[in-house]
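Trainee: Have a look at this one.
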């Protein structure tokens with residue numbers, strides 16, 4: 001009833017997803033009287049009221065259907081308009097520009113509009129609702145009525161809102177596009193809650209209507225010019241207890257909102273004349289009352305007094321007021337009348353409306369107030385003015401910051417311009433969308449061409465997946481092989497450590513043998529040195545020469561002037577010197593022979609080095625072959641290979657160690673012999689120098705002896721020639737002194753020679769010892785070389801080695817059996833643990849891969865469902881004809897008149913509705 005009285009009305013349904021909001025508003029079947037929702041019942045009530053109204057009232061009903069999807073306003077009757085702007089002005093309030101409004105004249109036409117819009121509405125699947133609304137839908141019905149007799153018009157608007165439900169992603173399982181839709185839905189519902197909180201707390205100076213398109217459109221329904229009904233839908237399940245409590249709290253807060261509903265109507269000329277007449281009468285009364293008050297004030301100001309009986313009161317003014325002037329008014333009264341009636345001037349435009357307070361639905365204003373008593377009980381002019389202004393005031397807005405009319409007009413104009421610019425951009429975007437539609441055919445052709453490539457890629461992807469699996473298997477096998485190699489490496493390290501221990505023991509034994517042999521060699525060397533010193537002729541000859549040289553010098557000293565003896569002695573000394581030279585040459589020959597032997601030993605040492613390197617290369621080659629054979633053969637042959645490898649390693653290690661030790665000893669002996677030969681050469685050079693020095697001294701002695709002999713002959717000749725005795729004596733004395741000096745020199749030189757001879761004897765003895773040692777070392781080297789050659793050339797040596805190895809193995813088998821078994825078991829356990837760990841890693845990896853594949857499959861399923869839904873929606877849109885063609889009645893205004901009251905006949909369409917749908921009524925949606 002209130003909508004027919006000119007009020008705006010709103011019914012919206014709030015609750016969580018899956019709680020039955022769409023079922024409440026629309027119903028399961030609008031054609032079923034038991035399953036239809038609130039909106040169809042309201043529509044039936046509207047047309048029933050039209051049919052029952054008097055025939056003097058003419059009605060026009062318009063319907064529009066829109067949704068707010070992803071914070072974009074979309075016209076469900078014209079889906080091409082996907083982003084409509086919101087405007088506001090003084091005439092229409094808040095409205096959606098470009099929204100298609102359809103003129104309807106029957107319930108079936110309204111149902112057709114509802115079905116057309118429901119087809120274009122966006123729905124989706126979630127875990128809590130198979131057909132979840134993904135947008136807020138608003139069905140708007142505009143009812144315009146005009147009294148053909150009085151010319152009075154009224155307009156009422158019904159906003160029927162089906163809100164999308166609030167969602168928890170954890171419960172709905174929303175992903176992808178559904179998740180983005182849930183974000184926008186929750187955001188708009190949060191903005192709605194913020195607006196309700198700001199309206200109910202009593203402290204907010206700003207109401208955030210513009211935070212969302214939903215709150216902006218419903219601005220008049222929330223604290224504005226509307227009568228609003230809120231329906232709360234709750235889930236009965238305990239699983240949704242928290243959401244149910246939150247929904248109920250929202251409803252409690254919304255109940256406390258106070259709206260200021262106004263009647264939207266246009267006054268008739270008679271009503272405007274009557275309002276003007278009453279306003280003029282009140283202006284005259286106010287002027288008379290003001291004049292009387294001013295006169296009374298002047299009396300009081302001049303010092304006079306006024307009796308209480310003569311006080312000016314409003315009651316006296318009303319009783320004594322003259323009749324309302326019919327002629328022209330004074331300028332002041334005219335201006336007051338204009339100001340008083342200014343607020344009741346109709347709004348500009350054909351759609352302008354006046355708002356009056358909701359009384360009993362009457363259009364006339366109450367009569368002027370009558371006095372009921374004295375000054376206290378009578379209505380003052382201020383109260384009358386406020387009452388008049390509340391009756392003639394315009395539609396109240398929401399509680400916002402007060403702005404002047406010019407500022408508000410400029411603000412609304414600017415907002416509308418910006419919204420128009422946004423709408424133009426949206427139109428350009430739609431034009432681009434149409435171009436994209438034109439290119440879809442070409443894209444479809446390219447898709448068909450690329451389908452074969454996609455299939456080929458899928459086949460290649462399958463092959464790649466298979467190859468990846470094979471690669472993973474190979475990697476797993478490689479890990480197991482690496483584990484086996486690590487175990488073999490550990491075994492090899494153990495064998496190497498045992499081999500090092502054996503080598504160490506062998507080295508200790510060799511050291512003991514070397515020490516014993518060194519002691520024996522020392523004894524033998526001492527014996528040989530003694531024998532050599534005893535039987536060395538050269539030493540005796542040198543001693544004889546030294547003794548003869550001493551005797552010669554002594555005989556020369558004793559001989560004195562006997563020249564013949566001196567000559568004989570010198571000749572004997574020369575012979576002995578020749579013999580010493582011969583002995584020195586023999587020693588040189590011995591030294592040359594030793595050098596030759598030394599070069600031979602070096603050659604043999606080089607040969608032994610080459611043999612050692614060859615054996616070492618053979619050993620390394622065989623060791624590599626044995627390792628390769630171990631890796632290639634199975635685990636059953638590993639023990640045999642290990643035994644064979646151990647034998648080969650022991651055999652070659654023994655050979656190499658023995659030959660290496662022998663080679664080291666030979667090289668050491670050779671080095672020592674080279675050092676001894678070098679020292680011997682130096683000693684020989686020293687002996688030669690000493691011989692040359694002795695020879696020089698002997699020559700000097702011979703020369704002196706020859707001079708002495710010549711002097712003796714000269715002395716004898718002088719005696720024979722009967723020379724001067726005195727001169728001869730002096731000459732003899734001088735010669736005697738020279739001989740004494742010579743004797744002293746010879747004695748000194750003999751002592752020096754004796755000292756030098758002793759040192760030479762010591763050096764010769766040391767050299768002899770060194771030569772003996774070299775000879776002994778050479779004999780040892782020869783014996784070792786012969787032993788090596790016999791060992792190398794001996795064909796029974798490998799058999800002897802195998803026999804020795806078998807004996808050693810038999811002796812140590814019982815001792816090492818338990819240790820080996822324990823070690824093998826430990827190795828097998830460690831190997832098994834590592835293999836088990838690798839297998840567990842492999843299993844875990846495969847489980848993760850399986851989980852990832854399942855997640856990918858689920859994601860692809862969801863994407864496929866979304867794509868299928870989009871394709872079906874697109875196909876349905878393309879299959880639908882143009883909305884203008886479907887709703888052919890949309891652009892034609894259809895005035896309707898009621899059939900009640902005076903019994904006038906209604907149009908046929910309305911009559912049919914009256915006869916066919918008598919059960920319809922206005923479903924309880926009053927003011928809240």
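Yeah, the Cβs are placed from backbone N, Cα and C, and that goes for glycine too.
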Trainee: Would you mind telling me which of 366-407, 408-449, 744-785 TrEMBL tags as coiled coil?
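Mentor: Residues 408-449 are the ones TrEMBL records as coiled coil.
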Trainee: Which residues does residue 22 (ATP binding site) neighbour through Cβ under 8 Å, counting only same-chain ones at least six apart?
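Mentor: Listed in sequence order: 37, 133, 162.
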Trainee: Other than 15, 16, 17, 18, 19, 20, 21, 22, which residues of the same chain sit close to ATP? List them in sequence order, counting a residue when its Cβ is within 8 Å of the Cβ centroid of the site.
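Mentor: Neighbours within 8 Å of the Cβ centroid, excluding 15, 16, 17, 18, 19, 20, 21, 22: 129, 165, 233, 235.
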Trainee: So what's the mean pLDDT when you look at the coiled coil (843-870)?
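Mentor: Here the predicted model's pLDDT, averaged over the coiled coil (843-870), is 84.
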Trainee: Take the coiled coil (408-449) and find every residue of the same chain, 6 or more past its ends, with a Cβ under 8 Å from one of its Cβ atoms.
Mentor: 80, 82-90, 97-98
Trainee: Hey, does DSSP put residue 18 (ATP binding site) in a helix, a strand, or just coil?
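Mentor: For residue 18 (ATP binding site) - judged by DSSP and reduced to three states - the answer is coil.
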Trainee: Within its own chain, what residues at least 6 apart in sequence put their Cβ under 8 Å from the Cβ of residue 21 (ATP binding site), listed in sequence order?
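Mentor: Result: 13, 14, 15, 133, 162, 163, 165, 231, 233.
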Trainee: Would you please pick out, from the binding-site residues 15, 18, 20, the one with the fewest other Cβ atoms within 10 Å of its Cβ?
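Mentor: Looking at the binding-site residues 15, 18, 20, the Cβ with the fewest others within 10 Å is that of 20.
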